[in-house]
Amino acid sequence: MEDSASCMHSKCQLFIWGLGKSGQLGTGNEHTQHNPQMIQVKSDSKGHEAWPCQVSCGGLYTAIVMSDGEMYTSGCAKYGRLGSGCEDNRSKFVRTPLPQKVKKVSTGLWHGAAVTESSSLIVWGYKKGCGDRLEGKKDCDQPERKCHESAHSVSMWVLPSVCIMPENHKVVGVACGYNYTLAWLSTGVVLSWGSGHHGVLGHGFVGDIASPRPVEALQLTKIMDGAAGYSHSAFVTSDGCLFMCGKGKDGALGLGNKKLADVTCPQQVSFADNVQVVKVSCSVGEHHGHTLALTRRGEVYAWGDGYKGKLGMGSQESLYTPVQIAAEKFDMEHVTEVSAGGIHSAAATAEGSIFTWGCGSDGRLGHPEGQGHRYLFRSDVPRRVEALAAKGRRLAMVNCSYYHTAAIVGLSCPL
């Protein structure tokens, strides 16, 4: 999960594009946008200015963390995924009251989680992904938080609540998938809980787990980063190794074409010599799973289902082991972020560029000429989002879900 520290020293701007169906773009309407839209978020802070520092795109909703530690959400509110205490969709970003200031956020399909400034974890939304170790277990139909009559049983989702960690360890990162959560601690231990479909939790079986539990298969490693997709998970160690588990059918685990069965205990993925992985992203679509990995040298590797060209190799061929996307495809720029959507992908570079590739329907690639082409428009190789190619900018981060993409761009300035 991305750290917001990269834009803490410059005023940053938020851009979002793609399907606007439930208001997840925060533009004030539900219109689809093929061009990146700059979103102005009015901070509630008094006496000082705040700006977006991190963004996470979930299932038809979006969450952003501001420089003052406040979180804002927009989009679909079903199952309480906005953290607002009701199921009323909204098309503008509104501050979500949280028990503590936060510095990182991750949004799954139906739930979300945020790491606080004191290194605790706050969760909200669909109950299965949140777990049952919650302080206070707030009821979501409190009179002061209630909206119109909810369409779903209040027992299915929870208000923002602190998740109790084993032995009160400090949380440094979190990733939310399809009704499950991964969290890694300052000790290097990684915990998982929620839905165990396809073995995504890494505990050796496919059953659900209601409370955070250490992944024993990784107890001899120190986990520094992780990713939770729809049906597969990834874990990055301090020495640059990558472990994966979950659904194997699409080849998204990178274990080879002879190992396509589901994996319930994390297995190490093989790379070429001297490759050290620093970040990873797992696709969020139910079908056509794929994975992107970023190395310490700024190289991007991709594997899994090649549907709609989302592996960036110039074709729709599937890959069962990691293959590097040629550096020339990124104009030889140093990649600093990768994000796997459902049927598209995105990357950001240190030089301030955003590249997208894969399916271009509903505007998710940010290329305006795709408008009106529906599923016929795609890019089989990474392509620069020209609308964000202004001089003097440096990119802080990029993130995408199935239908939309968001980026935070900072104006370069001395620290």
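Placed from the backbone N, Cα and C atoms, the Cβ positions cover glycine too.
In TrEMBL, annotation is done automatically, which means it is predicted and not curated.
Values in this document were obtained by computation on a predicted structure and should not be read as measured data.
TrEMBL lists 12-68 (among others) with the feature repeat 'RCC1'. Each residue in the repeat 'RCC1' (12-68) gets a DSSP state, and the totals come to 0 helix, 26 strand, 31 coil.
According to TrEMBL, the feature domain 'RCC1-like' maps to 13-407.
According to TrEMBL, the repeat 'RCC1' annotation covers 69-118 (among others).
What TrEMBL lists as repeat 'RCC1' is 188-239 (among others). Each residue of the repeat 'RCC1' (188-239) gets a DSSP state, and the totals for helix, strand and coil are 6 helix, 23 strand, 23 coil.
For the repeat 'RCC1' (240-297), the DSSP-based tally of helix, strand and coil residues reads 0 helix, 23 strand, 35 coil. Positions annotated as repeat 'RCC1' by TrEMBL: 240-297 (among others).
Annotation comment: TrEMBL describes 298-351 (among others) as repeat 'RCC1'. Secondary structure of the repeat 'RCC1' (298-351) per DSSP, as helix, strand and coil residue counts: 7 helix, 24 strand, 23 coil.
What TrEMBL records for 352-411 (among others) is repeat 'RCC1'.
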(request) On the DSSP side of things, how many residues of the repeat 'RCC1' (352-411) fall into helix, strand and coil, could you say? (result) 12 helix, 29 strand, 19 coil
(request) Report the listed stretch (12-68, 69-118, 188-239) having the maximum count of Cβ pairs within less than 8 Å of the repeat 'RCC1' (352-411). (result) 12-68
(message) Quick check on the repeat 'RCC1' (69-118): DSSP residue counts for helix, strand, coil, in that order please.
(response) 3 helix, 24 strand, 23 coil
(message) Within the domain 'RCC1-like' (13-407), what mean pLDDT does the predicted structure show?
(response) 92
